[in-house]
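**Student:** These came from TrEMBL, pasted as-is:
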{"type": "TRANSMEM", "residues": "32-55", "note": "transmembrane segment"}
{"type": "TRANSMEM", "residues": "91-114", "note": "transmembrane segment"}
{"type": "TRANSMEM", "residues": "120-141", "note": "transmembrane segment"}
{"type": "TRANSMEM", "residues": "153-171", "note": "transmembrane segment"}
Amino acid sequence: MLIGKLVKGIDIRNFGSGSTGATNVARLCGPIWGIVALALDMGKAAIPVAITVYILETPSWSHSLTGLAAIAGHSWPLFTNFKGGKGIASGWAALIILSPWSGLAATLAAAPVIGITKYVSLGSIIGSTVGGSSITVLAILNNVGIKGVPNIPLIYIAYGIIGSSITIILHRENIKRLINGNESKLGEKT
């Protein structure tokens, strides 16, 4: 939201998709500002999750909770009347910290979809689904003692299921537009 005010003098919640996320920022303010928004959105999740995991070494349940709190804070920010983004950048960043392999899987699933179809929303939904499924499967495999699987605590399943569900639910209007054939593509101005 701040980038829209500084760059264009607008409240981006009133334009484009109405989201404060990186995709809407890119459409309204330009691709460079979209990348800046993406980096900031990812940072506000990656930093607190990394602190809980690597610096404070808090219990593993708090890692998932911190990631989910980052998604919630991004999606329903207190200072913007609870109207924010769709949680993809913050969810992706938290996923990368919690399970780098799952973050990679999400990226490898989303990037070609976005590249080929130009639908960021579709790539985001697919990436979120793959990332959430990946961290869930890895946590289960680790818990049953499969050798060579990353050490993913079982409680991270909560992050995988709840985080993915939230981001997909927040894309419900995008899903409707995809079905109706009127979803905006990457690079299109709204």
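Any Cβ shown, glycine's included, is placed from N, Cα and C.
How about a rundown of where these features are and what they're close to?
**Tutor:** Residues 23, 86, 88, 91-92, 95, 98-99, 101-103, 105-107, 109-111, 113-114, 149-150, 152-157, 159-161, 163-165, 167-168, 171, 174-175, 177-178, 183, 186 of the same chain sit 6 or more residues outside the transmembrane segment (120-141) yet have a Cβ under 8 Å from a Cβ within it.
Sequence-distant contacts of the transmembrane segment (153-171), counting only residues of its own chain at least 6 positions beyond either end whose CB sits under 8 Å from a CB of the stretch, comprise 60-61, 63-64, 67-68, 71-72, 75, 86-88, 91, 94-95, 98-99, 102, 121, 124-125, 128-129, 131-136, 139-140, 142-143.
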**Student:** So what's near the transmembrane segment (32-55) in sequence-distant terms, Cβ-Cβ under 8 Å and 6+ beyond its ends?
**Tutor:** 3, 7, 21-23, 25-26, 62-63, 66-67, 69-71, 73-74, 85, 89-94, 96-98
